[in-house]
Amino acid sequence: MHRNGALANRQYGTNVKKYASLSQAEWIAMKLANFVSRIAVSLLTVCALPVALAAPVKDSDWPMPAKDYANTRFSRLNQITTGNVKQLQLAWTFSTGLATGHEAAPLVVGDTMYVVTPYPNYLYALDLKSGGRLKWTYKPEPARAAQGVACCDVVNRGAAYADGKIVFNALDNHTVAVDAETGKEIWKTKLGDINLGQTMTMAPLIVKDKVIVGNSGGEMGVRGWVTALNLKDGSKAWQAFSTGPDKDVLIGADFKPYYESDRGKDLGVKTWPPDKWQIGGGTVWGWISYDPTTNLIFYGTANPGPWNPDLRPGDNKWTSSVFARDADTGMAKWAVQYNPHDLHDYDGVNEHILVDLTIQGKPRKVMLHPDRNGFLYVLDRTTGEIISANPFVYTTSIQKVDLKTGHPIVAPGKEPHTGIRVNDICPAAPGGKDWQPSAFSPQTGLLYIPHNHLCMDVTSTEVGYIAGTPYVGMEVSMKKGPGDYGGVFSAWNPATGKEVWAIKEHYPAWSGALVTAGDVVFYGTMDRWFKAVDAKTGKELWKFQAGSGVIGQPITFQGPDGKQYIAVLSGVGGWAGAVVSGHLDTRIPYGALGFVNAMKDLPNDTTPGGMLYVFALPGNTP
Amino acid sequence: MRAFHISCRDISWLGALILGIAIADSAAAAPAATQQLPGSEQIMHQQVGGTHIPRPATPDQLKNPYEGNASAAAEGRSLFNAMNCSGCHAKDAGGGMGPPLGDKDWIYGGEPGQIYLSILQGRPNGMPSFEKALPPDALWKLVTYIRTLGQSPSEPIDASSPAKQTGKAH
């Protein structure tokens, strides 16, 4: 692994080392641990070992949607390679019985796979020793009415495992912990109110003894927050709002933002018209990463509400921003507002992938963030300095990111105003990239980004706040980008700030990405393909036609039989696929907040329906 | 026509307040609807209302006083946007958080009385009840507008028949 890393360094002229990669001693310890992994897992489920939680993730397991705290989605498993992946075949399948968008990553812990579904958020435990036999199902029974306030289909982005518990969020604002062995509910904590338009769709991150979760509802005038619950009993440890006074945002003396415009008292109030911060969005529905060496968590906040920017003059802090916070106390360490006074629904919630790079000869602790605004940010994760920000998609709305101020420069004529139609804003509201998470390989040094190629025409409208209903104020009609395709899957070199290869897709590449030590990259498409491509060249090596479009997060694991498996959920939906999962009217462009117009042809290519697919190489032994 | 008299101080009639003009006698002097919103501190904690399982429906006895009335449909259209129906069902009701309303695929029935009850009572999978927010007059204008979106179903659907309620996955 280290040797391969060195190879990659030479090849790309950069010194790339995965942040979470192991030292020699740790590596030997891991090797030893692998021998006793089965025993260790059963031990873990019975003893509470908080220390073990901070340990590196076992290669055979996939205990959180992003695989590791650094959010790499990289697996060291290497039985499946660029040479043999073409032989990959179906090992077993499992139907979820549901027909809405399946965005979750399955989890694997020891002999069991866990799958959390979209609403009604079933948790299935499947036995890996017997082809996915159903061990048990846990049903949190979320309120039915939650379906009506979920902005963009009733998706769920996955669960997380620690300390013998599977923890996930139900759509109606309950975080639940379930005994990983028995499927019995251990605790269930209510964190929000659907009557105020709140929902929860994100995957928790478990850090030491805390579960960190955030809310959804930026289109409903919801005030965003991130909350830490005690893993033991679900009680609240801390909560940090994205808007409002510093005491609510957990900003104190330790807060040292890098940029001038992010300094000052109570900016979460002062950058809004009176009271509007209370209904101002900044929800936290994306990915959280964690750096154990500094004990900081990193996450982005969503768009401000309403979308119509004329109704909220000011920077609207801290929407469309990134926070670094102390994991134990929640206190903010620094923040950067990616899109002050956001104009185009450019949330900041996309993943922050923690890597160590050598930039201009200097080793830097950075994080990579492909933002909705179409720029790929490389930030110093110790200070919040933006080291570089380059466009990774076709863009007309943002000219560049000014590295002195940290602010994007909006192109003239691309600012929406009430009653005025503005055409050809690219990227469209779902951004250069939406929730669909990228993967980073320390072997190639490349970031693999599933993304969109969309533009939009908008007219801002007046809108009044009515609790529990949308608070948007913009008529949007999206379209596929120039060349009439809707998505791209690309490989990006963060050290040079350049694209290495790209694959055009007819629809937005709305699935997660996975990259392995076999140098194989996996992703799915909305027109029902699940693909394997060469991590270095992007050459297609294998593909499989699923029953429905693939928008889930692929994972890999080593089964009890020692073989490497690949797993992914199919089941089209989500914001991009709502036209199919919600049976929307393709004659009207404005459906699904304008996404329908770009996806009118999707019903010709897929029907809804959730199915888990698990693949392996032929033969019994590795 | 008879119109409801709405007191602007009665904030439980929030919806009527927002669209006061659309349901007043004279449609002429209509400023932008949202300019009449009370301060955000007043409305912040108001909600449209939860949903409940519909009462047994007798839609046949509910007659739309505006059926086929074009100006009522136009008022219904502005209500549809101002009451944020368009937020959930999209402008022109193409669908989003709520189902599309212009196709023939009704969950709870497309007859005027059935649509009226959908709006009045709410529906369990996330359609809020507007009983407290809008007077019957305004509801019927919404019904009239929705009826213009698509053709009525060829065969009337009985809203109380569960077999017919599964047409749309939402």
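Numbers here mean position along the shown chain, with the first residue as 1.
Heads up, the Cβ atoms here are built off N, Cα and C, so glycines get one too.
Among A:C47, A:C151, the cysteine that TrEMBL records as disulfide-bonded to A:C152 is A:C151.
Cross-referencing A:N303, A:N308, A:N316, A:N390 against the Ca(2+) binding annotation in TrEMBL, which names A:E219, A:D345, picks out A:N303. Site annotation for pyrroloquinoline quinone in TrEMBL covers A:E103, A:R157, A:T201, and the matching candidate from A:T243, A:T271, A:T283, A:T293 is A:T283. Comparing local CB density within 10 A for the binding-site residues A:E103, A:R157, A:E219, A:T283, A:N303, the maximum falls on A:T283.
Of the recorded residues, A:D345 (Ca(2+) binding site) and A:E103 (pyrroloquinoline quinone binding site) place their C-alpha atoms 21 Å from one another. A:C152 (disulfide bond) has A:E219 as its nearest neighbour among the binding-site residues A:E103, A:E219, A:N303, going by CA to CA distance. According to DSSP, the domain 'Pyrrolo-quinoline quinone repeat' (A:508-566) comprises 0 helix, 27 strand, 32 coil.
With a threshold of 8 Å between Cβ atoms, the recorded positions A:C151, A:R157, A:N303 that neighbour chain B are A:C151. Of the chain residues outside the Ca(2+) site list A:E219, A:N303, A:D345, A:C151, A:G218, A:G281, A:A302, A:P304, A:G305, A:W307, A:D342, A:D347, A:A429, A:V472, A:L593 have their Cβ within 8 Å of the site's Cβ mean position.
Around A:T201 (pyrroloquinoline quinone binding site), the C-beta neighbours below 8 angstroms that are at least 6 residues distant in the chain are A:A150, A:V155, A:N156, A:R157, A:N169, A:L171, A:S216, A:W285. In the three-state DSSP assignment, the secondary structure recorded for A:D345 (Ca(2+) binding site) is coil.
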